[in-house]
Each structure stands twice: as C-alpha cells, then as structure tokens.
Amino acid sequence: MVQINGSYLKLKAGYLFPEISRRVNDFSTANPKADLIRLGIGDVTEPLPKACCNAMQLAIEEMSTEAGFHGYGPEQGYSWLREAIAKFAYQARNCEITPEEIFVSDGSKCDSSNILDILGDNNRIAVTDPVYPVYVDSNVMVGRTGLAEKSGRYQGLSYIPMNAENGFEAEIPSEHFDLIYLCFPNNPTGSVATKEQLMRWVEYAKNHDALILFDAAYEAFIQDPELPHSIYEIDGARDCAIEFRSFSKNAGFTGTRCAFTVIPKCLRGRSPSNDEVDLWSLWNRRQSTKFNGVSYIVQRGAEAVYSPEGQSQVSDLISFYMDNAQIIRSQLSSIGLQVYGGQNAPYAWIKTPEGMDSWAFFDYLLQKANVVGTPGSGFGSSGEGYFRLSAFNSRNKVNEAMRRITSI
C-alpha cells in the first residue's frame, strides 16, 4: 500500500473556511427559508471591469483565428503583462523592479505556498498572529512544523502577536529568524504598516540574513497616501524580500485567476554546502517544471487593468468596497462594538461582546441575524475574541446585514 505524506495528518481538523461552510450548511438545512448574508470569505461580488472583459473578448476572437492562436505561453508570463506590471505597479512608485523579476501566476495563495519548494527544511520561521491560515498550513503540509498544541499553534513555528494592546503592530523580534511572513494591509485585522515600520523589518532581515515573504494582495485598498504599497518602496528590500500580489481583489479576478510574484535577481539564499544561490533562478526553474502559465486570454484581461479605462474602473471598484467598509465600521461602532481596520483594507476586525468567544459570536450572528462572518480564532490564538467582516458584497446586502446586527 502506498505511503502518504504524514504531515497532512498534523493539520487541525478542518481548514477555517470549510468549517464555516459546514456550520452554515447545517444551519441552512435546518432553516431552509433563512436569507443568509455572507460577509465571511473574502470573495468579491461586483462584475469584472468592462475594460478587462473587452480585452478578454478580443483575445478570444484572436484565439479563433490561425494567425492569432496562442498555445503554451511562457511560464513566467507574457512580456507585455510583465512590462505593464513593472511600469504601473512598481516603477511608478520609484521601485526598482524590472519585468524579468515578475512571475505571473494563477494566484498569490498558490505562490505563497509553493515558494516553500525552493526553501530549505531547517529555516526558523515566524508568522504574525492572527495570520492568514495558508501561511501556517502550507508549512505543516511540507513537514516544516511539529504537532499542533492545544492553543492551536504549531511546534516549530514562532508567532508574533498583533492585538489591540500593541496597536496591531507586529513587533520586531529580538531572536533570530530565517523566514518571516508579513501581510499588509493585513488579512485579517485590516491593519497597515507605515514606511518606518517596514524600514525596521528590512533592517532586521538584513542584519539576520533573513527572507521576508511580503503579501501585498490588498495594497490597492490603501487610502492613506503616506502608506507604502510595496515593500520595495523601502531601501534595501530588494536584498531581503519576495512580494506576492494579486488581481483578485482589486480587479475582481477571484474566479478568473491571475496574480504575480516578484523575486529580485539580487536576492540570495544559501545551499546546504553554504554556497550563495540566487532565488530568482530557483523559482524560475521551479515554475518551468511545475507550472504551464496563465492563459493568454486571462493575461490580456489583466493587462487591461493598467489601461486608462481599466484604472478608472478598478478605482471605482475599490471605492465601492471601501464605502461598504465604512458602513460596517460606522454601524457597528454605533452600537458600542470596538471596530478596527476597514480604513485602508476591505476587512473590519471587531472585538466580540464581553462574554463571547469568536465562535460563539459567529453562531450568534448566524442564528439571530442570519449573517455569516469569520471567527477571529480561526486565524490564530491572538484572534480569539475578535471577528472579521468583509466589505465584499452588494451595497443592499451590506446595509441589510448592518440593519439586522444593530437590531438584535
């Protein structure tokens, strides 16, 4: 009989969102007439920008002709999309990123997991707490952790608390780590990092020869012009950071699938024999072996994000969701709940009422208001006593959800 990867058996029972789905399905079975409003999983609801749809329709027409047909594309992405990303996402913000340092993919969730393919087994790893569960679970799956403790934390990982007491700012550790996961604007707390805070992280990484894995999937939601959108806005970050970005939330590509990862060519790691090796070449080799690229049609749609029409339409989408976030913040604050985030990110991070833990508040809102959110404890032990609501829904449903919650 074939042997399995035993590391999967160390995973806690049920990934957060499948557990939410299980509870919601049980409720819906028992209450088939209930009109549920889902503000849990961060999936967008508004249609794709028209510029992207038009570009994909043209690409489909191209593909129907002999001259315009495209088969396998470059595993790294088509040059015209990489050039547009470099110009508009990085060079426009004075970041020294070249098109060759950009790898187009089908999702930053995939990339933030798959990056472990090129990193060693013995790195000391730090994550923030609360944390996007994929960072932790992907390390568990490849055997980089020990067992789960009663607290929900895994042996072999170090956790940096982010809570109201420290202003949801991950404090720079005093001990050595090789690999650090950062996500700003943060999922799930909605907190942000200033340039000064990122400068301290880059300084730490350079002093410790550490690598920062920087998830900037929500950078487009930043409203404060003083806040950085990329870690590469910080001097020295090219030498110590990989950045993940996505078209999922800013342009609504959750079902269309397109993202990209940036690996500067100067970024180095060490081999088991202590030789310096550039990470760009390793990732390029990995992608060439395990990835066939994003479809031509989808990449044309992503390219259109950077057209004048696309930029205007994406800006309208961002404004729509951030207006939803403001409604959530103001309505919940009006009934005395403490609400964090929701100002530079599409997530509101709510302190649960006294006497309720995260899952109790989840069940309370599900039963009493028929509103689905995300329990903070599902993001780590420091998320206990908090609850996440997403701004990704229609205006009518957000208003109705707030009416229900403020009425119970």
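Placed from the backbone N, Cα and C atoms, the Cβ positions cover glycine too.
Straight from Swiss-Prot, the features:
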type: BINDING; residues: Y15, G42, K109, Y132, N187, N292, R388; note: substrate binding site
type: BINDING; residues: Y72, S108, K109, Y132, N187, Y218, S246, F247, S248, R257, N292; note: pyridoxal 5'-phosphate binding site
type: MOD_RES; residues: K249; note: N6-(pyridoxal phosphate)lysine
Residue among binding-site residues K109, N187, R388 with Cα closest to the Cα of S248 (pyridoxal 5'-phosphate binding site): K109
Candidate with sparsest Cβ neighbourhood (10 Å radius) among K109, K249, R388, the listed recorded positions: K109
Nonlocal neighbours by CB distance (under 8 Å) for Y72 (pyridoxal 5'-phosphate binding site), same chain, sequence gap 6 or more: N292, G293
Residues Y72, S108, K109, Y132, N187, Y218, S246, F247, S248, R257, N292 [recorded pyridoxal 5'-phosphate binders]: greatest CA to CA distance in Å: 34
Chain-internal residues near S246 (pyridoxal 5'-phosphate binding site), provided their CB is under 8 angstroms and they sit 6+ positions away: G107, S108, A217, F253, C258, A259, F260
Helix, strand or coil at G42 (substrate binding site) [DSSP, three-state]: coil
Nearest-integer angstrom distance between the alpha carbons (Cα) of Y132 (substrate binding site) and K249 (N6-(pyridoxal phosphate)lysine): 15
Alpha-carbon spacing, K109 (substrate binding site) to the residue listed as 'N6-(pyridoxal phosphate)lysine', which is rounded to whole Å: 12
Count of other CB atoms lying within 10 Å of the CB belonging to G42 (substrate binding site): 21
Rounded to the nearest Å - Cα separation of G42 (substrate binding site) and K249 (N6-(pyridoxal phosphate)lysine): 8
Chain-internal residues, separated by at least six, CB under 8 A from N187 (substrate binding site): G42, Y132, D215, A217, Y218, A345, Y347
Mapped DSSP class for S246 (pyridoxal 5'-phosphate binding site), helix or strand or coil: strand
